[in-house]
Amino acid sequence: MICKCILLISTLIVVQCRSILKDEQVEIPKIILKSEWSTKSIKAQVQRLQENPPSYVVIHHSATDTCTMRAICQARIRNFQDYHIKTKKWNDIGYNFLIGEDGNIYEGQGWDVAGNHTSKYNEMSIGICIIGNYNNRVPNQAAIRAVQRLIEYGTSSNKINEKYSLIGHRQAKNTNCPGDKLYELLKTWTHWTKLM
Ligand SMILES: [Zn+2]
């Protein structure tokens, strides 16, 4: 009886410790919703990911000026949305998420949705755009940390396959995106994958 009790108590402690550990590991990042930055109400139906959780994370840069204040970042994002709708003729902004050098994460298409950012990968990836031009420098620490927090949360909540491959846009298309310096940095991240 005593043995059983000890066993039960120790099992309970282990289970509780595990759940505490799990809660501590997964920080839910603050994500600024599209409804907070967009003035448009878009009725078009979104396309769900074909592979969910997706096995790729594709990193982009916007190749524009950066932003270190939320109001400026939101103005830039509205410009991208306009460009994607008016010039590219897409239904909405193409990226799943955007990151500013203000350290904020902005929702684009969000989780579970196939964006419009990397042909052949849209249905099986989350596309993250870091606002700025990263040919000659890397994004600041606030932006890097925001990307990492977002991916970490994605894998912990089953929104990104935990065995995901991280790639830069240039690996899937003849483009300079996400910029030389940012691409060099991505290659040092553990999930970065060389495509065949
Ligand atoms: Zn790109």
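Start at 1 and count along the chain as shown; that gives each residue its number.
A Cβ is built for glycine as well, from the same backbone N, Cα and C atoms used for every other residue.
Among the features that TrEMBL reports, disulfide bond is placed at C67-C73. Spatially close to C73 (disulfide bond) yet at least six residues away along the chain are C67, L98, G100, D102, N104, Y106, I131, judged by Cβ distances under 8 angstroms. In three-state terms derived from DSSP, C73 (disulfide bond) belongs to a helical segment.
As annotated by TrEMBL, domain 'Peptidoglycan recognition protein family' applies to 29-173.
DSSP states for the domain 'N-acetylmuramoyl-L-alanine amidase' (44-179), grouped as helix (H, G, I), strand (E, B) and coil, give 40 helix, 24 strand, 72 coil. What TrEMBL lists as domain 'N-acetylmuramoyl-L-alanine amidase' is 44-179.
What TrEMBL records for 1-17 is signal peptide.
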C-beta crowding around C67 (disulfide bond), within 10 angstroms: 21
